[in-house]
Amino acid sequence: MTRFSMRRRKFLTATAAGVAGTTLAGCDVFDPLLRPGHPVRDAMAGANALTEAAQRLLLDDNALAREFSASEIRQGMRPNGSTDPTDIDYLIAKQNDFAFYRLEVGGLVESPASYSLEELRNMPARTQITRHDCVEGWSCIAKWTGVPLAAILDEVKPRDSARYCVFHCFDTYGGAGLYYESIDMIDARHPQTILAYGMNDAALPVRNGAPLRVRIERQLGYKMAKYIRRIELVDDFSRLYRGKGSFWADLGYDWYAGI
Amino acid sequence: MGVAAEQAGEIGPPVKKGPLVKRQSAWTRATHWAWAISLFFLLVSGLQIFNAHPRLYIGQQSGFEFDNSVLSIGAVRKPDGSVGGVTTLMGQQFDTTGVLGYSGPPGREQVRAFPSWITMPSYQDLATGRVVHFFFGWILVTTMLIWFVASLLNGHLRRDIVPTGADMRKLPGDIADHARFQFRHGRHYNALQKLSYGMVLLILCPLMVLTGLTMSPGMDAAWPWLVDVFGGRQTARTIHFGVMVLLVLFFIVHVAMVVLSGPFNNLRSMITGKYRIDPEDRA
């Protein structure tokens with residue numbers, strides 16, 4: 001009994017020393033477990049599926065993100081990521097204020113179509129003043145004007161097999177390849193999901209994504225692809241790029257960015 | 001097991017000892033250690049996330065062209081040519097070189113808000129910080145709910161956590177005892193314990209979860225009241241950080257109290273549930 005008690009005491013002391021030692025050595029002892037592809041990291045990343053399921057459960061498909069009054073626009077929209085692409089196709093499209101730019105919409109649709117900026121501007125528009133939340137932690141309120149993506153989808157008629165809307169962009173960012181992003185059909189048909197060509201009552205500036213950027217107001221900023229060149233409807237994004245459905249998801253960020 | 005046998009294992013002169021009593025239920029013990037682990041990982045991954053934008057604001061948005069910042073951590077080039085870390089709290093500047101803003105081993109210093117030894121991963125990696133943070137966030141929320149329901153049903157909440165009028169009357173005496181490092185070992189928590197555990201479990205942890213959810217654009221659309229309750233997403237982020245500081249302070253005092261008031265007895269009660277009370281406290 002005595003020996004047991006002493007052994008237990010030693011065990012407790014050793015455990016406490018171990019925990020203290022880990023802390024003193026620094027958190028880098030965990031680094032190897034956290035590299036992309038390690039089973040420990042992959043298991044932890046599984047929690048994001050839970051987050052997505054929980055938010056889809058709590059969030060009505062048409063529930064709106066908050067819209068603000070004009071007085072809450074207190075500053076210019078902070079640009080992030082690519083702010084001045086030099087990719088050749090972008091420079092070509094940018095000539096003459098994007099006069100020859102055409103947005104192509106295709107993939108799993110009945111009638112593929114393409115639109116000039118002028119044609120998009122002449123479609124029924126939606127304007128919203130919303131808060132842009134960056135994954136880094138900051139927020140910025142701005143006014144966005146554009147065509148509801150649902151209106152485009154109604155014209156091209158997605159097939160029943162279409163499950164995701166993929167945005168292919170002009171820009172490469174940080175040498176990691178072409179930017180692209182994807183959303184499910186719930187977010188694609190959400191009333192606030194617009195292809196914005198205007199910002200704060202002016203044409204969308206290059207630094208914020210001209211000629212077109214998508215607004216997905218119930219997710220973080222990195223989902224809202226800028227410099228959109230082509231929209232493709234797909235049933236599965238695993239064959240695109242590195243297979244995770246988004247430029248940032250390919251780099252280890254969560255595909256669903258509702259949190 | 002006999003009290004005599006147990007006494008033989010103790011070190012020091014034979015003193016009259018009280019009995020071993022059952023103090024902690026399995027629910028309390030299991031959730032306590034789940035929180036200890038998850039709060040550790042939440043802290044270090046949270047500091048990794050904070051480092052992506054080491055600035056806190058009051059309001060809906062972050063002032064880039066106006067100033068609503070309450071805390072910022074950064075690096076500056078000092079007049080003597082060296083680089084230093086500067087922390088600005090409510091407009092007040094502090095030199096925090098080596099810890100906040102600019103830190104690392106000599107010759108390999110980095111511009112980073114919190115130093116690498118306290119962030120996870122140790123290198124700048126927001127994506128991985130988020131993976132770790134949300135995984136342990138789910139564990140914390142789940143075990144909190146389990147603990148709350150179990151404690152409601154087994155009486156732990158009413159008996160040990162929510163302070164009574166009698167507890168509040170004993171509070172001045174309790175404070176005086178603690179200040180003199182004289183600790184009573186009763187079957188139940190004293191008034192200061194009830195207050196601090198109640199504060200952490202019923203106020204700070206729920207506040208942490210709710211301000212965390214307020215930073216989620218998805219949750220803000222689902223529960224628009226979140227943003228109103230906390231006065232904006234950026235205020236919620238600032239509160240989230242402030243509560244983190246309070247939880248770290250609680251942890252320091254908690255561990256100090258565990259050590260000062262009998263580490264073996266305290267740890268045993270949180271592992272096996274058994275706690276040796278003072279002889280006169282035989283209840």
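Cβ atoms are placed via backbone N, Cα and C, with glycine included.
TrEMBL annotations:
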| type | residues | note |
| --- | --- | --- |
| TRANSMEM | B:32-50 | transmembrane segment |
| DOMAIN | B:124-273 | domain 'Cytochrome b561 bacterial/Ni-hydrogenase' |
| TRANSMEM | B:131-153 | transmembrane segment |
| TRANSMEM | B:197-219 | transmembrane segment |
| TRANSMEM | B:239-260 | transmembrane segment |
Count, for each of B:32-50, B:131-153, B:239-260, the Cβ pairs lying under 8 Å from the transmembrane segment (B:197-219), and report the range with the highest count.
B:239-260
Average the per-residue pLDDT over the domain 'Cytochrome b561 bacterial/Ni-hydrogenase' (B:124-273) and send me the rounded value.
95
Helix-strand-coil residue split for the domain 'Cytochrome b561 bacterial/Ni-hydrogenase' (B:124-273), DSSP-based:
123 helix, 0 strand, 27 coil
